[in-house]
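Below is one structure, written out as structure tokens; comments come after it.
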């Protein structure tokens with residue numbers, strides 16, 4: 001990283017540096033900054049409010065004279081609240097008088113100051129030039145005749161340089177410009193006395209008296225962008241006024257191609273403005289620690305997502321380690337369930353995203369988050385656990401889990417490109433299918449394959465994963481929680497100010513989404529595909545599940561804005577929780593249905609004889625009966641041969657025959673004996689003597 005200190009070089013207080021006109025370093029800087037002054041570098045609210053109150057008291061003594069200190073503090077508190085609307089210093093005098101007259105005017109000022117100011121001046125018969133002159137005259141008197149009091153009020157001298165910002169500016173290796181509505185002479189004085197910077201009022205590094213601020217700052221950005229120092233550099237513009245950033249995005253969209261815009265969340269803006277900035281294309285919300293990182297390193301380390309990426313890799317690595325695929329061979333025989341599950345998970349259920357993206361949710365990131373959730377494959381472990389609890393086919397569930405999450409790496413990018421391409425107002429959400437595919441391949445599929453290969457090829461690893469499966473599962477859950485926590489933390493400031501009704505609507509939408517999946521999938525598997533009950537349960541549950549960890553992983557690759565990432569992740573987390581609680585409710589009922597079906601099948605098998613078994617039993621009985629009716633002639637030396645159900649007995653000269661259950665024995669003279677009688681199976685055969 002090149003250490004470039006061209007132009008505005010900062011030195012410790014007291015060590016002044018003469019800033020010559022803009023220098024062109026031989027090595028180009030990698031980053032260039034344009035910074036607002038009030039609300040970004042210093043907190044000037046105390047000095048401005050106090051000066052405005054005193055100036056108002058001089059101009060309108062009949063209103064402000066003799067007020068108790070408590071009343072002054074009430075007015076000053078209202079002025080702090082309305083500071084985000086202040087553009088010109090004299091406006092603070094008008095705010096002070098309005099708040100003194102009626103405390104409810106604070107809301108009027110915040111909601112519609114552009115209309116309130118001219119209407120108020122007209123009603124009072126005042127001109128803005130007169131008020132501006134009174135305000136500046138009072139401040140000039142303070143600076144010249146009562147310098148010590150002005151120094152006490154001055155936020156820089158009073159230690160109101162924002163924490164960490166002064167040090168970061170002193171260590172900043174990149175050139176930066178100051179763009180402010182403050183007068184040039186006041187900026188120069190403050191920069192010299194407090195930041196150790198000697199800068200003349202005509203410096204090309206200084207853009208002062210930018211009023212109106214929106215148009216003048218847009219012009220300043222264009223000026224900097226066209227200078228040689230900006231060639232090839234990453235350009236950063238940090239301001240605390242939402243209106244200015246909104247004007248850049250709306251009136252000069254071409255600047256978004258070169259400039260990264262940031263709203264300083266520690267400056268003069270409201271929670272509503274911070275939430276709006278998070279949704280504004282090309283603008284991101286910046287915290288003070290992130291600003292310090294940006295000044296020192298040219299990058300926000302949180303944007304690298306190092307920790308969350310490690311968490312993601314660990315999750316899928318452990319998933320591969322504990323994955324037992326011995327039962328997958330059993331699932332191969334259920335080809336209809338496999339085909340249905342793959343088509344439903346990867347091709348059919350994502351279609352609901354076309355409807356989800358049109359939901360009028362507030363903020364709109366909630367609807368887009370549900371859309372992304374619909375495009376991801378089935379859950380990593382929750383679905384399989386629910387299938388087991390429901391007594392479904394666990395082997396089929398496992399196959400769908402492994403197969404769809406592997407193929408989902410290839411199906412998610414085109415689905416997201418199709419679903420998110422026409423979405424308006426979220427241009428900072430960018431879907432680059434090939435890039436997304438490579439990232440998912442590296443952080444999702446590759447770790448899972450490595451974990452599975454280690455389990456299969458290294459016996460010690462397999463024994464370890466088997467022995468400590470529960471502990472590994474708990475560690476996996478911890479990493480999942482870290483991923484979600486880091487993602488949601490990026491939108492903390494916006495989320496804590498969300499109305500409960502907005503979150504409640506998302507909860508209802510997630511429940512309806514999962515219920516719709518369940519109804520359609522169970523209906524299709526039972527009545528359309530006609531799968532056996534256990535296979536229908538497995539295919540339906542797995543086809544109705546969506547993976548929040550995979551969705552959060554995808555979201556981290558779609559937008560660099562941590563605020564937007566957090567907002568997009570909220571519906572995914574809520575959706576997975578809805579799946580868990582709804583599954584826990586219906587799984588016992590499905591298990592009872594399966595158990596009852598199995599018992600009924602067992603009873604039916606016992607009551608209805610098997611025809612083949614009956615035939616075998618009849619044949620055995622007939623053979624036994626025939627054997628009992630046939631025997632040997634002991635006295636005449638005749639022999640009997642059994643044939644089917646009867647017997648034939650022959651003497652030495654050709655004996656006689658028997659048919660049926662009786663035997664006729666022919667003697668030597670050809671006579672015949674009467675019928676023989678059997679007493680039952682295994683009884684002796686009685687024959688008449690030969691004549």
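Indices start at 1 and increase along the chain as displayed.
Each residue, glycine too, has its Cβ placed from N, Cα and C.
As written in TrEMBL, here are the features:
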- 294-318: transmembrane segment (TRANSMEM)
- 338-360: transmembrane segment (TRANSMEM)
- 366-387: transmembrane segment (TRANSMEM)
- 394-416: transmembrane segment (TRANSMEM)
- 436-458: transmembrane segment (TRANSMEM)
- 470-488: transmembrane segment (TRANSMEM)
- 500-529: transmembrane segment (TRANSMEM)
- 635-691: region 'Disordered' (REGION)
- 643-657: compositional bias 'Gly residues' (COMPBIAS)
Spatial neighbours of the transmembrane segment (500-529) far in sequence, C-beta under 8 Å, 6+ residues away: 336-337, 340, 344, 349, 352, 356, 359, 361-363, 366, 370, 373-374, 535-536, 539-541, 543-544, 570-571, 574-575, 577-579, 582, 586
Other parts of the chain folded back onto the transmembrane segment (394-416), taken as Cβ under 8 Å at six or more residues beyond its ends: 323-325, 327-328, 330-332, 334, 337-338, 341-342, 345-347, 350, 353, 372, 375-381, 383-384, 387-388, 431, 433-434, 436-437, 440-441, 444-445, 448, 535, 538-539, 541-543, 547, 550, 554, 558
Beyond the flanks of the transmembrane segment (338-360) by 6 or more, those residues with Cβ under 8 Å of it: 331-332, 366-368, 370-372, 374-375, 377-378, 396, 399-400, 403-404, 407-408, 411, 415, 419-420, 423, 509, 513, 516-517, 521, 524-525, 529, 531, 538-539, 542-544, 546
Folded-back contacts onto the transmembrane segment (366-387), same chain, C-beta under 8 angstroms, at least six residues removed: 315, 319, 345-346, 349-350, 352-353, 356-360, 393-394, 396-398, 400-401, 404-405, 407-408, 411-412, 415-416, 419-420, 423, 426, 429, 473, 502, 505-506, 509-510, 513, 537-538, 541-543, 545-551, 554-555, 558, 567-572, 575-576, 579-580, 583-584, 587
